[in-house]
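Swiss-Prot annotations:
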ACT_SITE  199  active site, involved in ionization of N3 of dUMP, leading to its activation
BINDING   71, 95, 96, 97, 103, 188, 189, 190, 194  FAD binding site
BINDING   92, 93, 94, 95, 103, 104, 105, 106, 107, 172, 199  dUMP binding site
DOMAIN    7-233  domain 'ThyX'
MOTIF     95-105  motif 'ThyX motif'
């Protein structure tokens, strides 16, 4: 029986910042948030912080976001390694074209023992979950049989690596959308804010909304000055959403 894969979002990379020594400026932040402020001040050469209302990094970045000067957010980035995500969810995720992706290849990686992701509404209902599991098990059994027969059919063609790829790329057609995938996603701060605004909404599919919320929690830990304006709240059904009073791109 297929195992249910839990969603996991792991931070694997983030921006570091080194201020040029010939610029007389200091900040109370580091990393990506400091880079955002530096880029913004570089536009106006406001190194002396003439406006006391934007003298700290947090107030400066908040002002940048509030007035919609989003381009300076593009200099800093974060990378996540995401597992426990369904193939159907990544079909939605990769529509965000400002992200960079590296995803598990079903041509190179056999899916005989792949885990699955149970959709919301099914995962907490024993009868529906049993039906779901039976369907995914049947798909995986068909995949395994197709794979074995295709490998036998192609036994005298090309190299062993080529034969495996050809067999897997054909057999994968019967795998369900619920098949777990694994993906590295890199995006700049502007792209992440857009993703959160779009996908942490109550109008988004619940699986990708969960992903957006988990990413947001880790983004707040990395750069609270840039992401803490988003507030996470629970809906009546127990799922979570995130909204911001500041300017966002949708």
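One is the number of the first residue shown, and numbering goes on along the chain from there.
Glycine residues also receive a Cβ, built from the backbone N, Cα and C atoms like all the rest.
As a whole number, the greatest separation of Cα atoms within the dUMP-binding residue list 92, 93, 94, 95, 103, 104, 105, 106, 107, 172, 199 is 29 Å.
Averaged across the domain 'ThyX' (7-233), the predicted model reaches a pLDDT of 96.
Same-chain neighbours of the motif 'ThyX motif' (95-105): 181-188, 190-191, 194-195, 198, counting only residues six or more beyond its ends whose CB sits under 8 Å from a CB of the stretch. A sphere of 10 angstroms centred on the C-beta of residue 94 (dUMP binding site) encloses 13 other C-beta atoms. Neighbour count (other Cβ atoms within 10 Å of the Cβ, all protein chains): 23 for residue 199 (active site, involved in ionization of N3 of dUMP, leading to its activation). In the three-state DSSP scheme, residue 96 (FAD binding site) is classed as coil. Cβ contacts within 10 Å of residue 107 (dUMP binding site), excluding its own Cβ and spanning all protein chains shown: 13.
Put simply, of the recorded positions 71, 103, 189, 194, 199, the one whose Cα is nearest the Cα of residue 94 (dUMP binding site) is 103.
Take the Cα of residue 71 (FAD binding site) and measure to each of the recorded positions 92, 105, 199: the nearest one is 199.
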